[in-house]
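Asker: If you scroll down you'll find the structure; I have some questions about it.
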Ligand SMILES: Nc1ncnc2c1ncn2[C@@H]1O[C@H](COP(=O)(O)OP(=O)(O)OP(=O)(O)O)[C@@H](O)[C@H]1O
Ligand SMILES: [Mg+2]
């Protein structure tokens, strides 16, 4: 097994509140890795420090053998990590297609001069971007809304669109923050198929999810956070029976949807 | 162009081709129509084109990139004063336009970057105030840099600027072809029209490109834009400096056309006026900037011509002078537009992609 | 030395007026996250209304005691401004609460220019002399340092007004409701606070303070005109940011500090720049300070850290 991402003793505090403390974990290439825990356990915060939205107070991330820069989201994406948001964050005035095209930004190079002069290279790149974006819409199954302003898409479709946008940056690791939140059973089923497809296509997935069934069905391994600490890490079946995990969930609010 | 066609009520949707030709013809014969009403209307038309360039540039910053710049007129000032320094008797330097205009644009872009570097991390509303402050600082310097060394000639401004001389063809002298005499205001009109069309083409190309999408992305959600790998700081700087470039070019043209620059032309009210044009037409779309600039340059003048005689007739004196009318109009336009029609007069959906590039057509 | 002391005195006086205006900015910002650009214009309306009242009083009751006249003028200006503040919130800002973030700001800018234009229509473009009803005969508490009674009055009155505001906000139920609303509208509403009323009230109180500040400005400089509010408004906003926006104590501190920096700076800018810049550049200080604070310490002197949630 090849290590893709390694978190080493990551810590993050907000004033007096410790959102993450000494979290270490390793994600291997090609797996679906689950990150679960009660509300406020620090899962989203883990994403935020990983992707450079926040600067961690301690520890570091090693990705593909090199240390990730902190606090520089665009460089993290460049390295091959893409994310979605728990509370959907699309570009409201753009169509679905344009959202995905924007996601491809980092993999394109046309400069100001090329764009203003409409150089051959710029035109060709623009065409490729458009086609690739459309392919990705097909991939997540919403190509019929390609030219719809993203705000008017249904909730579930917006979530897929966010995934497509993230995929457009050609990541090796895709970090999904509660992709099934607010979805009905059918939509969740389709999402499961999509994530399996993504894994099949060679992209490693880091998944935050409250939907126990989804996590158990999809993940190769699961880590559990509670009050910012990792309290367990194993295959789903074992984690499910872990005493500490059970009491963490019983102690906090329940989440089985 | 398509946006502009759609913006034409009724006809735009029914018969886009006809509308297109109507717009083109109108743009070409506009000065003839204006001339019918008098010379002053031709000047107004020329100014409308300058304002269009400004509105297009500011729209790029405010509408595309979502950065509220209240000091935009400072870049116009930089362009105009560059012209005044390098093409007037003030320093006795008379450089040709193809040096001065690009230099003015470059200085303006530089000013944009200098201002941008420190302030672009600020939240939207803070940015607005700091840019406003920048505009005021520039104006204070223009007003006071006549001592101890006289650089700007202070509040009096600089006179007798060189007019536009296109490789030996002086635009401020009427052109005579045979018996036919073309007044210089026409020449400026068509030259400015070319500049506006050039600006539109460039801006449209930017809009439908990775850059335009990156701007729109960070305008709509900065955090998400970062999360897809957009270097937000660089993109903001780019927007700022490109917007400033348009301001700089327009400023140079203004200097050459007016023949005279003084700090008074670059007051905060002018920044606000250009912003109102952008807001009035519709933030983030090119047609909006054009329509806004045209409407808000022409409207005060029309009001001036109607309201003044009416007031004379009714009250025997002028209660609201033209300047007051203009301010009233602009401020009301800004408030009412935001309250009643925030998408602007021309709420066209700005497009950031070319769907026709898809093979299947989709 | 005397010049320095003199500049400090002048700075303190102007600063305490800035502080009053800054409070209005900071309260509105704290509760709505909106820079109410038009707040400076409320100051102007306050001054001009007071002027108008004084002119009328001088016509009707020329023998009235000057202080009484001034008091009446303030008492007229305050409700006028309060109504203005109320109307602005009610007719414009309230409708824009859910709007895209630039909309309220642009409206506020429009509002500011609209008020200036209206004032220009009502009172004309000219500078008006504002009657100096409190003596401006300079006293010399320290030889070489001049202080006028009107300056003393300004400092005392603004200190009193600010103390009153602090009491209101910290000690009363109303103040608690205001703080709760500033903290979180929804939670406050759940706790039974009528947040709309509280927001309107915040505008009204801020406008009342602005009216007082307007009279002070006009009394201090002896003039009033339609554009007199804009620059002080911007400076007061700078003061609010300097102190930490949303923080009442910060607004006061920021006002005083800004007043001092400006006055002392204006006195020394010529020597500092070897005669290149002179006191006509005084207005630059506020903007430079604003820029520096926002870049290096956006939370201001007393502000708390706030971060955008990802
Ligand atoms: N920007 C921030 N400022 C202050 N506190 C924060 C910030 N972001 C998160 N927190 C706090 O850190 C803790 C962890 O939050 P986080 O969002 O990571 O939890 P989570 O595990 O994602 O929970 P949920 O399942 O509800 O999404 C919470 O107590 C939260 O209030
Ligand atoms: Mg979360």
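Backbone N, Cα and C define each Cβ position, glycine as well.
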Asker: Choose the correct range: of B:49-75, B:157-183, which one does TrEMBL annotate as transmembrane segment? Give that range.
Answerer: B:49-75
Asker: Test of understanding: applying the rule of at least three C-beta pairs under 8 Å (pairs 6 or more apart in sequence), is the transmembrane segment (B:95-117) touching the transmembrane segment (B:184-203)?
Answerer: no
Asker: Looking at the stretches B:124-142, B:237-260, B:272-303, B:324-344, which one shares the most CB pairs under 8 Å with the transmembrane segment (B:95-117)?
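Answerer: Per the Cβ count, the answer is B:237-260.
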Asker: Would the transmembrane segment (B:18-37) count as touching the transmembrane segment (B:237-260), i.e. at least 3 C-beta pairs under 8 angstroms with sequence separation of 6+?
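Answerer: Per Cβ check, the transmembrane segment (B:237-260) does not touch the transmembrane segment (B:18-37).
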Asker: Can you tell me which recorded stretch out of B:49-75, B:272-303, B:324-344 has the most Cβ pairs within less than 8 Å of the transmembrane segment (B:124-142)?
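Answerer: Answer is B:49-75, with the largest number of Cβ pairs below 8 Å.
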Asker: Sort out for me which stretch, of B:18-37, B:272-303, B:324-344, has the most Cβ pairs below 8 angstroms to the transmembrane segment (B:49-75).
Answerer: B:272-303
